[in-house]
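J.: So that we are looking at the same thing, I have put the structure below in structure tokens.
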Amino acid sequence: MNMTKTAMLIALMTVMFMSIGYLLGGGGGMMIALVIAVTMNLFGYWNSDKMVLRMYNAQEVDERSAPDYYRMVSGLAANAGLPMPKVYIIHEDQPNAFATGRNPENAAVAATTGLLNRLTPEEVAGVMAHELAHVQNRDTLTMTIVATLAGAISMLGNFAFFLGGNRENGNGIMGVVGTILAMIVAPFAAMIVQMAVSRTREYAADKRGAEICGNPLWLSSALGKIARGAKAIPNEEAEHNPATAHMFIINPLSGRGADNLFSTHPDTDNRIAALEQMAAEMGIRSAGMAPRAAAPSQSSGPWGNAGGNSNGGSGYRGPWS
């Protein structure tokens, strides 16, 4: 049902895009808009992951440079029946994470140093399981298409204002009114559709992520910490590129301006409540988390030995053990 709803919303955005093209240039403008939409999505399909990772200066790591973090992702990917994704670290104090890639065979997951420093290993596992759920559900591709179309609709809405619409279809005042409505309504409508798609997929990824890591309370605890951290610690790169906000597990925008007027994510308390209900239905009453170890020295990095012995000697067990 979620995939059907998502497909319908993307189709709606495509119709909106073509409609603005029609206002600008009649039938020819509509076809040009369609060609532009297809071209932009093809470019995004092949290059969006590289672009966003470069945007956040993400550093790829492996089993030698980040053993615990890498093995954790490897174990979770095995639990989910997924190919091993590329694993990245973003040097950013705000705790957060995202996944990208056009399909499970070409996927990447990234976590900030703030997340790896501030969360327990179990909470990190819950977060990375959520990101792998996005990969498994192919949400990374869906959201790339939605974001591309939303940006294109906004761009064409502005063009409609400056160009004054198609003269053949303008017919005086009605043409002017139609152009103004396209300029104002289309970007907001695209934003609302983007929000609807993102919110639907977040709930699905929470549920599947909890199944992958085995304990919904790990993810619910992590969401609370990340939400508090996102409010307290600005993510400057995300503030400069708000179009990427929907990719993160929690909205990274601090709301210093009007960034949070329309949220790309469901309410965090509602997500936590859903996960707690899921845990109760599974008969899980406790997250079973060991106390978070002190952050390692800068030389080893916050991901080098977070939580103790990677073989499980610190007393906790999880999919990374």
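Glycine residues also receive a Cβ, built from the backbone N, Cα and C atoms like all the rest.
Feature list, courtesy of Swiss-Prot:
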ACT_SITE  Glu131  active site
BINDING   His130, His134, Glu202  Zn(2+) binding site
COMPBIAS  304-321  compositional bias 'Gly residues'
REGION    287-321  region 'Disordered'
TRANSMEM  7-24  transmembrane segment
TRANSMEM  29-46  transmembrane segment
TRANSMEM  145-165  transmembrane segment
TRANSMEM  173-193  transmembrane segment
J.: Using the Cβ center of His130, His134, Glu202 as the Zn(2+) site position, which other residues in that chain lie within 8 Å, going by their Cβ?
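T.: Everything else in range on the chain: Ala99, Glu131, Ala133, Asp139, Arg201, Ala204, Ala205, Asp206, Gly209, Ile249.
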J.: With DSSP assignments reduced to helix, strand and coil, which class does Glu202 (Zn(2+) binding site) get?
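T.: SS state of Glu202 (Zn(2+) binding site) = helix.
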J.: Any idea what the Cα distance is from Glu202 (Zn(2+) binding site) over to Glu131 (active site), rounded to a whole Å?
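T.: With distance taken Cα to Cα, Glu131 (active site) is 10 Å from Glu202 (Zn(2+) binding site).
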J.: Under a three-state reading of DSSP, tell me whether His130 (Zn(2+) binding site) is helix, strand or coil.
T.: helix
J.: Just how many other Cβ atoms lie inside 10 Å of the Cβ on the residue listed as 'active site'?
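T.: There are 29 of them.
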